[in-house]
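Listed in Swiss-Prot for this protein:
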type	residues	note
BINDING	Arg99, Lys100, Lys103, His105, Glu125, Asp126, Thr127, Thr128, Thr129, Thr130, Gly131, Asn132, Ser133	5-phospho-alpha-D-ribose 1-diphosphate binding site
BINDING	Thr129, Arg157	orotate binding site
Amino acid sequence: MSSNSINAEARAELAELIKELAVVHGEVTLSSGKKADYYIDVRRATLHARASRLIGQLLREATADWDYDAVGGLTLGADPVATAIMHADGRDINAFVVRKEAKKHGMQRRIEGPDLTGKKVLVVEDTTTTGNSPLTAVAALREAGIEVVGVATVVDRATGADEVIAAEGLPYRSLLGLSDLGLN
């Protein structure tokens, strides 16, 4: 969780919306290969009108002390999070998308959106488990010569992603943890 001051009422409302919309009970296999008795399908919240507005507002608040020009991450989970931040009230912040691999046709880009040359960017994700998805985006951005200032997520599953991201020299913040969703 960020040390920045974020709106506690909005954060509580977001937690309730995610519990209602996105927490699915039943055995599932996570991206890490581990089994869990619930799944947090945060896309059900990031693509919900009210939850999306809260996510954009709260992530802007949580990262207000970070200097970045654009926000994005690995498609698909990061896409609605990035656009929520882009559309939230405040200064202009562009969004971008990082593909898992470059397209084989058209412009053959791996990073889509406005030109990020000389820009500082924030990498985002909907749910962080291992940290591999945001770090895949970080690697692609760094390879393209783009400065990444940090990683932020909506929900952190508390399974070591913070340490993996810190090992890459990046600060990491999350809006919610499992206890906020009644899943500890």
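Glycine residues also receive a Cβ, built from the backbone N, Cα and C atoms like all the rest.
Arg157 (orotate binding site) is 23 Å away from Arg99 (5-phospho-alpha-D-ribose 1-diphosphate binding site) when you measure Cα to Cα. Sorted by the number of other CB atoms within 10 A, the binding-site residues Arg99, Glu125, Thr127, Thr129, Ser133 start with Arg99, the lowest. DSSP assigns Lys103 (5-phospho-alpha-D-ribose 1-diphosphate binding site) to coil, not to a helix or a strand. Across the binding-site residues listed here (Lys103, Arg157), the residue whose Cβ sits among the most other Cβ atoms within 10 Å is Arg157. Here the Cβ of Gly131 (5-phospho-alpha-D-ribose 1-diphosphate binding site) has 26 other Cβ atoms within 10 Å, regardless of which shown protein chain they belong to. Taking CA atoms as the reference points, Gly131 (5-phospho-alpha-D-ribose 1-diphosphate binding site) and Arg157 (orotate binding site) are 10 Å apart. In the three-state DSSP assignment, the secondary structure recorded for Thr127 (5-phospho-alpha-D-ribose 1-diphosphate binding site) is strand.
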